[in-house]
Every structure is written in C-alpha cells, then in structure tokens.
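In what follows, a structure is listed as structure tokens, so that the remarks can point back to it.
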C-alpha cells in the first residue's frame, strides 16, 4: 500500500515543479513584450516631438517674416529723413525719436531672433529627436538578443535541476527498498534464533543439522541485504547532495536574473535615451532663454531710452541740429552818421539832469515790473507743476492683466479696466486742457513782461555806467533786497562743538543735521588745505602720512577745533589727505550705501560712458540731500585734483583706486577681488563725469567746490556753520551791541516775506511783528519770532524804535555823504577796492628791486570763518595805505569825522576802552607803509573824472593827497596806540560796530566821482567779500556779496582792472599798487 502512495507523491512533486517552471517561462515571454512595447512608445513620443517642433518652427518663421515686414514698412519711411542720417552719423537724436528707432530695432531684433529659433528647431532639435529614436530602436534589438541568451541559460539550469531531482528521487526510493528488505531479514534471523533456543535433546540430529544450515542462510542473506542497503544508502546521500547543490545554484541563477540581469537589460534598452532627450530639450530651453534674454536686453535699452526722455537735453539737441536757425545773430553795431565819432551816451551838463531823471524813472519802473513779473513767474511755475503732475500720473502698470490661475474666470477681458476706459478720463482731459490754457496765458504774460524788463534793464545799466554809479541805492526798489551775507564766526579760538554726534565713525547724515555743517568742517578744511598746498604734491592720497600727525589732526577735529585753520601751519600734505580718507572710511554708513552697491556695479555693463553717467546720476539722486551735497563737493575736488595728474601722478583711475575701498566698500557676501575692479571703475566714472552726475546749485541748493581758493575763501559760502553768533557772544564775554539802549528789545515789522536759508535764520511773512534783541552786524539782528530765536535780516524789516546810531537807517549816512565834501570823491566802483589781504603784485616787487629796497614783508592773513569779517567793512584802517575808493571812506563819513575829532580822553572813549580796531594795531605794522606811498588805482573807465570841470585830475596831485592822508592817519594811529592802555581780545561784533563809528576820514577834499551819489536818499553799504590768493602773483579784489542764487555756481575772484597809464611813468612798469597792509586784527584770529 505504501508504494502507490509513494509514486503518487513523486508525481505531485514533479507536477508542482513543472508548473513553477512553466510560470517562469511565461514571465520571461511577458518581459520581452513589455520591453518591446516600451520601445514603441518612446519612438512614438519622439515622433510627436519632431512633428511639434517642426510645426513650431514654421510658426516662428512666419512670425519672423511678419515682424520683418512690420519693421521694414516704417524703416523705409525714415531712411531719407535727417534724423536717420544723424542717427547713422553719431546717434545723437532727440529722445522721442531715439525711442522710436529703438522700437523698430527691437522689432527687427525679435524678427532675427525668431528666425534663428526656427532654424534651431529644424536643424538641431528635430535632428536630435530623430537620432534618439534610431538609438532607442537599435538598443532594444541588442537588448533583445541578450535577453534570449539569458532565457536559454536560465531554462538549462531549470532542466538540470529537474534531472537531478529525479535522480535523487530514484536513489532515495532504492535506499528505502533496501532498508525494508534488510529489516525483513533481521526479523527472520530473530525468529530463527528463537527456535534454536528450544531444548536440543528433543530435536533429532537431522533436524538439528537442518536448522544449522538455515541459520547460515539467513545470515548470508542478511549480510547480502546489509551490503545492498549500504550501497543504496550511499547513492541516495550523494543524489540528495547533488540535488541540494543544484537547487541552490538554480535559485541563485533565478535571483540574479530577476534582480540584476533584468535591470541590466532595461538599462541596455534605456542606454543614452534620457541623456540624449535631456540634451535635446535643453537645446530648446537654451534657445528660448536666449530669445528671452535678447528680448529683455532690447527692452532694457528701450527702458533706458524711456528713462532718458528729458526735455532739456532734447531742446539742446534740437537747437544744435539747426544751428543756423537758432544761433543768436550778431549784435547791432552803432552806425555813425556822416562822420559822427561819438559812440557812447553823453552825460554832459546840458543832458545830465535829464539822464538822471530818466535813470530814476527806469529804476522805479524796473522795481515795479520785477515784482509784478516775479508774481506772474511764480503763478506760471505753479501751473506748470500742476500740468506736470497731471501728465506724469503712474497709470501704466498692467500687471493685473497677466495674472494666471487655474480658473478660467480670471481669463477675462480687462479692457474695461484700462486707463482709456475709465469714466474719469473725459473729466481729466478737460481739466488738463483748461490748465494748459491758463498756463499759456500766464506764460505769454510773463514773457512779455520779461522782455520789457530786459529792454529797460539794458537802458538802466547803460545809464548807470554812463553816470558812473558803482552801487545804486536800494531804497528806490520795492522788491526785497538781496539777502545779506551771514554773520560769520570767530576763528581765533573755536569752542568745542556743541553737537553730540560722533565725527569719526559716526553717521554723516545725522552729523550734518545735528551740527548744522552742510559740509563737515573736516572735509571742507582738509580739501581747502590740499587745494592751497597739495594739488601738485606727487602721490597724494597714495603715499601714507605720519600716523602720529594723522591722529593729532583727527583728535583736534573731534574736539571741535580746526587744526588746519592757520595757513602757516606746516602739516604734512600726506597726513591731511590721510585724515580725509580716514574720515570717510570710518563712516558708520558708507558714502555710497550698501543697498545701492549692486545697482551701481551693474552700471559697468553700460559701455557708453555718458549713458553710464546718467544711470549713475539716476541712482545717486535717490540718496539723502545732505549726503549728495557732500558727495558733489568731494568729487568736484577729486576732479580738480586729477587735472594736475601731470605733476601729482594721480589721474582719475589712481584716485579711484585710493578712494574706491573708502567710499564704496565691497559687502562681505560679495567676492572682494572681482568686485573691487568694478568699484574702481565706478568711482573713476564719477570723478570724470561729476558735472553730469551731480545736480548743480540750481537743482540742489548747497555749497559747491571752488577751484580757486584763497587762505580764507573756504568759509565764504553762505552755507557756513550755524551758531556762529553764539560763539562770538561767548568769546571774551562782551556784548554784541554798541549802546546800552539795545539791551531792551525793539519791535520791528517785516517789509517782505523771507524764508530762512538755514535753521539759524528766522522765516516770516510780510507784515509780521518781530522782537529784536540786539544788532549782530550791519545786516543782521538777533531776534525772536513765533517763540523762536534766530537771525533777522535788517533789510527785510522796518524798525519801530531805534535809538542806537548804528541801528538807524542808512539815510543818515547818505545825508552825511551828501554834505561831506572830503569823502564824496570815493564813490568809485567797488571793483577798484584794494584787499588788505592781497599779496604784492609783481610790478610793485619789481620796482622795489629796481630801487634796491627790500619789498615789504608779505604777511599771511589770519583766519576768519569767512574770508572777511561780515561785521566789519573790509577797508580796515589798520591798512595804512588808505584807498580813496574804499567803501569805508565813502559810506561812513560821519563816523570817520567823529572818530578823527574824538578826544581820546572823552567819556565815550573811556566807556569803550580798546573796542576800536585802531587800538589793536601795532606801531611796527603801522610804520610799514611809509616807504612807498602808492598811487590810487583808476576807476573802471581808466581815468579820474570830475563832473564839475570835466577835466582829468593831475596824477601828482592825487599822489600828494594820498600821501598827506596816509601820514595823517599814521600819526593818529601812533597817538592812539600810545594813549591806549587797555588791551583785550577782539570781539567780532563790538569791534566792528565801533570801527564803523570811529573810522578816520582822509584830509583831502575832492569832488564826487559819481553824480548819482547825491541823488540817492538812502545808500546801503555793499556787502563785500575778501579773497586771498594762495599764489604770490595772484591778486584778489573785493566784490559785492550777493545772496546765493540757485544755479549760480561760485566762481574764483575776479582780477583787478588794469591800472591807468599815467604820465611820466615807464610804459613797461605799471603804477605801483598799494603796498600790503597788516592784517585787520579786529576780524582775524
């Protein structure tokens, strides 16, 4: 019964094995089908991509052709125009025309780009897809062959396993059979042994012999079966071992195929497919991205051109395009009739009165017209600003129209929301047209009025020159007078700064706001010092100075002092330059903000230097005003310094290397090495094109760097530091007023509107009531308005209660001038005034050498905060060479005569010991000018004229009068010096006011040089400024100090007029100029 079940079991085993092998065989076939299907799908996908790009290339080609047609259509119209010829020549076009050409160029550029894109699709991308398809098919075939080989090997392994398994079954069955036979033999042996245990005596001999032989047979059979069993058992063990080994090998082969070989087969099919497809699609992306880059570059060019839509430059280009039409014609010359040789307006006695009357009428008429025209101008400018606000409304953002979302509701027409469809457009257009009509009406009115003013002003100026008036009285006008110069501070002992902001390692904007210094003193002073002594210094800013000296200068500035104020200071130029660099390098926020670094560096990509400068200007205009003013001042100085590169070896590039890391440090996140070259290029561009980049004084009110500086010029700016009067008030503990009555507040009424130029000056409206404390100078009061203390300009107010003689109206001075004969001669042009700080001209030094006499010593002027004492006329009597044209002699005759006749022992002198400047002049200084009495310089016309006899004065008489006047003044100076016992530190305000009252008058009496002098009912003394040249051969003159005007850049001091050619002089040697006088110690430090 056991055998059939055993065979059945063997069959089940074989059937199960065969079933498993069959499943593997079917799986191998399915794998091959899947690989084949995958390859077909790839080929189909690649075919679709080819068709897609082929169609897209056709579309791009068609689009390119249409764009080319569009551009050609409009380019054909412009090729024959003058604009196109100008564009081809130098590309200097009007900005709108430039935008138009750039639009057409952009269309042509896009046309070329799309044609290039189509070519890339056809000849590059599609070819790549075709190659990928061929490669995929070939790889599948190769992989299929390898797969068949692997399948055969796998089936051989399975067949071998089947054979080994059957062998194992067979030997195992034989072993079992032999074992059962052996067991049966053992049982028979046991039975036989059991029988042999019976008593032998009962068994017959024959039976006993028969049993013995049967036992032997059983033993032999057992031995035989034992041997058979052992043999079969060994075979079975060997067969089983072989089967197990083969089974393990088969399982390993199957596992390897499914885990490794199959993956390798798939990799063979995919070999290069994804990489090739990646390259093909990246070719497409590169083409599209480069198309967009090219488009963006073109749009950036157009955007830059749109940003440069500027009417001023277009106006200039337009006028340059038609020079013949817009060039001013030649002036009309005087055409003499029948030999008439007179070509000037005659002011002789018969017509003098008529010309005087006409001059007065023109003066009055001009004043009225200017006020009216100024109001019309303000209205015009306000209307223009309104129109500009209307036309510059930012309504061009259409980003909402391009917002994408999954919802189709957002993809709707936005035409209803555009600017042109808004309901308010009609009303806006109507308002704009109405405003434009009003603007043109006011503009026509303003132009007509300004034309009339121009004609009347020309006549007025000609009459003024003819009649010989140097300074007309301002009482004739009804418009606000020029703003007087600010009272400047004392430089003798600069007190410690009152601001709390750090100078070094601080914030520039905060420091300017806190200190009131528009240009920090350290910047202004260092630049001035280098301007005077270091422009030709080789290697300036590149060669390091003494660290000890740099620290000393730095500490002095931090204490609020100015160590460079003394012109005789022998600081090393390199140390001063090092302090300037140290200041900018230590700023908490660099001069160029870090947030603007990337924007500025991006300007390097602009090759055109002018366009680059304009782009930099656009970026810098976003900076704070205070920083921009300092930046403008610094780069104007660096540009000036680079003009001496032949001597100092510092061209703009070298200066940029020195100042680049200081002014524009590279952020830490940037590459320091690569960015530094770009930074230097930016700084170099700003140095070279600083006039283009920075707004001028008209656009940005503030100090402007002057190339020609003198020892005291750098404080001439009306933007000097505030709080100077407080420093004067604190100096020596003196009171800045001239009488005890001024201690009581005085009420005043504003005649005109005034807007303060700084926080120190008060702003007020016409008719406002002001409270005046005391007189700070001839031009300024210390007062209060609306609870705020500050400076009040004298010429803008009417004083209700004034007992002080200095504070009285200047009409008293005019009366005294009209009644004083000895001083009327001195009303000459202010251009002839001699500066006490002038150096000796070459002519004078040459004459001294010819005489064999040493020239008078040249004294460097002391420091003041402004180059002249604003509280003291610049004709200080400490200069013993009295100039007949000095305003002091013409403007203050009463004070001069009173001073001359004043008893030195009078109560007035005792009450004011040492306050007059005369007591502060040393005898040695006073005696310096006795050697060479000078001849007074001529007026601007070149000769002395008297309107009484119309004859030129004798030069010898003039020299004799000058000598007598000089000797008299010197004698009085010596007497006053001997009698003066009190010495005190000079006070700017008090000394100035005392000198105005106590100035001596010359002894000579001559006729007035100007008939207009007797006409003026009120003469305001001209505000003058002193300019001291740093070179020995440069002469400076006094010139009227006018209020700073927007757009008017400060210029170097004008040279004196040439001296008149007087009789009895060598034609090769000019007349001796007045010798150098000692410094006016009432205004110097």
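Glycine residues also receive a Cβ, built from the backbone N, Cα and C atoms like all the rest.
Swiss-Prot gives the label phosphoserine to one of 906, 999, namely 999. Checked against Swiss-Prot, the residues 493, 1032 yield a single entry marked phosphoserine: 1032.
Swiss-Prot marks one residue of 405, 410, 917 with the annotation phosphoserine, and that residue is 917. Taken residue by residue with DSSP, residue 542 (site 'Arginine finger') is part of neither helix nor strand, so it is coil.
Annotation for residue 542 (site 'Arginine finger'): same-chain Cβ neighbours under 8 Å, separated by at least 6 residues, are 650, 654, 657, 658. Averaged over the coiled coil (351-390), the predicted model reaches a pLDDT of 90.
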